[in-house]
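Visitor: Would you mind keeping the following structure in view while I ask a few things?
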Amino acid sequence: MKTKLIVVLGPTAVGKTALGIKLAQQFHGEIISGDSQQVYRKLDIGTAKATAAEQAAVPHHLIDVREVDENYSAFDFVQEATKEIANICARGYLPIIVGGTGLYLQSLLEGYHLGGQVDHEAVLAYRRELETLSDTELSQLVETKQIVMTEPNRRRLMRSLELHKFSQGVQNQGSPYDVLLIGLNDNRQDLYERINARVDKMMAAGLLDEAKWLYDNYPHAQATRGIGYKELFPYFAGDIGLEEAVEKIKQNTRRFAKRQLTWFKNRMAVSFYSVSDSDYKGKINQAVVDFLRN
């Protein structure tokens, strides 16, 4: 019998965290973060982590598991999430993954890896081929393959392309999970207003100080590439004003939300629920009940 697993996904700021907590409380679950930035300690505001009170109400996993100057990849996520799922189930709880990092979620659910079944010489040859491309050419290649990334750098672009190319033929013998995918969405205007309001709320909560600490101590760390931090660095350097930097955060977040939706719709068989529907929570609740009953 396959392990039952619920995944709550969707664009940033749509309300995934609140729904995940509600489902965990109602269905005896624990939450695993499926967000590539929430793994970093001390970066709480810009990564929109669940609050201390929320984490106290429901156990959360894969949050605060890396120092800011450490790297984290889809491979790390698959390995660690797999262990957390097994541990949660062993304790008699329902694992619920909540997040919007499409590459991480797809890698876990479809069993992607670059392990022993892969021809490593072929991987190295492809890597050498990628190394001949400019950053612009790598970005264009990633875009054509509809790989969603936040603030990509050259190393992450190449790594994602390797995963995309070589994972196609090395899926496990079917996913080990019986998965219910729950997608949240909203009409574009309302979603963009949510995003803008959330950025304003983050600024009021102290995002500027959090970003300044990162700028002063770890200006070149992988963590700095998350939306909400990098946009403020030119302000700290005296190159742009604060208002312009904040607007850039909003703009980049809106663009990222659009890319997230494209990824989920094209690559994952997910049922979407509009948060503008007054009964969307009731519909999701019934879907979970039916899923757990079967």
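Think of each number as a place in line: the chain as shown, counted from 1.
From the backbone N, Cα and C atoms, a Cβ is placed for every residue, glycine too.
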Visitor: Which stretch does Swiss-Prot mark as region 'Interaction with substrate tRNA', out of 35-38, 99-102, 251-254?
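Guide: When 35-38, 99-102, 251-254 are checked in Swiss-Prot, region 'Interaction with substrate tRNA' belongs to 35-38.
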Visitor: DSSP says what for the region 'Interaction with substrate tRNA' (35-38): how many helix, strand, coil residues?
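Guide: Its residues divide into 0 helix, 0 strand, 4 coil.
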Visitor: Do me a favour and check the Cα-Cα span between GLY10 (ATP binding site) and ARG127 (site 'Interaction with substrate tRNA'); whole Å is fine.
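Guide: Distance between the two Cα atoms comes out at 31 Å.
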